[in-house]
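Notes follow the structure.
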Amino acid sequence: MTSSPIVALDGVAKRYGAFVALHETDLAIAEGEFVTLLGPSGCGKTTTLRLIGGFEQASDGRIAIAGQDVTESPPYRRPVNTVFQDYALFPHMSVAENIGYGLSVRSGRLEKTERRRRVAEALALVGLEGMADRRPGALSGGQRQRVAMARAVVRRPRVLLLDEPLSALDVKLREGMQVELKRLHRELGITFLMVTHDQTEALALSDRIVVMREGRIAQIGSPTDLYDHPATPYVADFIGAANLLEAEALGREGDVCAFRLVNGATLRSRRREAAGATTGSRVTLGVRPERMMAARPETGAANALDCIVMERLFHGDCLRIELAPEGGGKPLFAELARTALPATVSAGSRLAVHIDPDDVMVFDAGGGK
Amino acid sequence: MTLTRRTFPGFAALFSLPLAWVLLLMVVPYAIMVAVGFWTRQFPLFYPDFQFGNYAQILADPQYTTVILRTLKIAALVTVCALLLGYPLAYFLVFTIRSQKVRNLLYMSVIVPLWVSYLLRAYTWKIILGTDGALNSLLVSTGLVSAPLDIFLYNQTAMVVTLVYIFVPFMVMPLFTVLDNIPRRLLEASEDLGVGPFMTFWKVIFPLSLGGVVAGATMTFCLSFGDFVAPVLVGGPDGTMVANLLQTQFGAALNWPLGSALATLVLALVLILLQLSSRLDRAGRIDL
């Protein structure tokens, strides 16, 4: 990041008595970025968003938005607007009044005609031209969501904060709104900071994802970064899915490193992080289900695990196979192409799964949690 | 909804008592009251009749209209004062007090006086406002006045003060409920949109609390309108209210027909008021 960040958290922490919602955190967001705070509930992502919005006061650290220190500023003096999880539309106002609400007060006072123009513009932006006089109570969930978006962007904030904006919508609608969000971000050109617990949403929309866990940032990176090079087993499992296997480093053979699993089988990894494992150390291996390939058992395929098929689940575009490694160990999941597995392979069959050494992720000793 | 044979006995058992209660203790007495309002009186007896003489007398005699207007005025004053006192209190309880425990405690302290006899609470003000009362003792002991004053008791101000004190819980209760039901998210949204706390109150909180204002005002007004204790205890010679007139007609004056006609008028007034208030309430009703 070369230019100065639009949002900068500097050692920001939030405590409620003895409970720490957010440990000291640094975060810089560049102008125009679409950043997602991702994590399970209670990880501190919403707290972070609320601190930036001004709804919570930081216990420690400084928050700057657009170069201004806003740590002590109330929400109404910050150049950000929020799309709330439950939309928080004013029930006693029409759609147009809701959208124009932030334009009628002193800080954003505009000429009446200009105000009307901006409201109409915002309505058009979210495709609700005919709804100006409706009450929020007469709108569907998706329409309310659009009103909330329009209301938040009409004041032209420097940063748009989105608190689980799509979580209240059903699956089909949510996918449509993802496209809408992406389009809005491109058209408005402002910074989006979104909170979500839905990893597919985060992967699909973000320029960068901030994975959070227990009040701390676990990893920051682009979606492909996080997917291809997760720093911890936690991130590997949260972004996409991962089979996590306990193993012991056996040593290097050229550019690959060998690891022995609990059932005695050997897996090799050619990834750069494998080089750091010292012989004899305990590590966690991660293998994505979609990176496993079916091989015939006992053909001696390189880097393969012999398993027993426990379940075969048809997922439409793929097959999801639950496998028990021969000789013991945690069950594994593999995602295979429909054509990759003969119909005769079913529960009880023996099956070997082959994994390219480039796809065996290695996490440090003790990092198995 | 049609009742099946199977549920009818249970239904009858469940509702016959309340139905009988309403019929015997409300519908029948009201019917009698309205009917007697048309009777004639030839002292000391009343005769069944159907004539509007009683109503004509009430409307023609300035004594009655003066008292009715005074009662309306006092009830309106009590309502306004209770609102001005109760709204900030309810607002304070809901939005300022953060601890749920403290909030409930303070809310209960507003409600608890209702458990004390209404007469006692009215009588308290006689003690406070009287010539040798608490207020005068305080004024004399602080040297603000040299001798006890008799201006506090036995006037309409004393009545308003007493009635406000007695009925303010009925204002606070609906206000508290309605304010407590306003989602905090809406206030956050308002501030998020650049609107400060003062305008947030006028543009979001107050409009959304109108239902409570209407409910509280209606209760306070109707209760004050029908009160007859405050005039007797702390009201002066010009403190008579409608309820006192009614009492006199049924008691000392022994003119039940006139009393019934007056009571019917009061009832009609209150019903019109309730109708208005429920219309206002419906117009402002919002799904939160």
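Every residue gets a Cβ built from N, Cα and C, even glycine.
Summarising the annotation, TrEMBL assigns domain 'ABC transmembrane type-1' to B:68-277.
Annotation comment: TrEMBL describes B:12-39 (among others) as transmembrane segment.
Residues annotated as transmembrane segment in TrEMBL: B:74-93 (among others). Remote same-chain residues near the transmembrane segment (B:74-93) are listed as 103, 106-107, 110, 156, 159-160, 163-164, 167-168, 170-172, 175-176, 179, 205, 212-213, 216-217, 220-222, 224-225, 241 (criterion: CB distance under 8 Å, separation of at least six residues from the stretch ends).
For B:105-123 (among others), the entry in TrEMBL reads transmembrane segment.
Annotation comment: TrEMBL describes B:158-179 (among others) as transmembrane segment. With a cut-off of 8 Å between Cβ atoms, the residues of this chain six or more beyond the transmembrane segment (B:158-179) that come close are 74, 77-79, 81-83, 85-87, 89-91, 93-95, 107, 110-111, 113-114, 118, 121-122, 125, 129, 152, 205, 208-209, 211-213, 215-217, 219-220, 223-224, 227, 230-231, 233-236, 239.
Sequence-remote contacts of a segment are chain residues at least 6 beyond its ends whose Cβ falls under 8 Å from one of its Cβ atoms, and for the transmembrane segment (B:200-233) they are 71-72, 74-76, 78-79, 82-83, 86-87, 90-91, 118-119, 122-123, 125-126, 159, 162-163, 166-168, 170-179, 182, 186-187, 190-191, 239-244, 246-247, 266, 269-270, 273-274, 277, 280-281, 284-286, 288. The annotation transmembrane segment is assigned in TrEMBL to B:200-233 (among others).
The transmembrane segment feature in TrEMBL is assigned to B:253-276 (among others). Within its own chain, the transmembrane segment (B:253-276) has Cβ neighbours under 8 Å at 30, 33-41, 43-44, 46, 54-55, 57-58, 64, 68, 218, 221-222, 225-226, 242, 245-246, counting only residues six or more beyond its boundaries.
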Quickly jot the same-chain residues contacting the transmembrane segment (B:105-123) by Cβ under 8 Å, restricted to those at least six beyond its ends, or write none.
89, 93, 97, 162, 165-166, 168-169, 172-173, 176, 229-230, 233-234
Which sequence positions outside the transmembrane segment (B:12-39), separated from its termini by at least 6 residues, show Cβ-Cβ distances below 8 Å to it?
46-52, 54-55, 256-257, 260-261, 263-264, 267
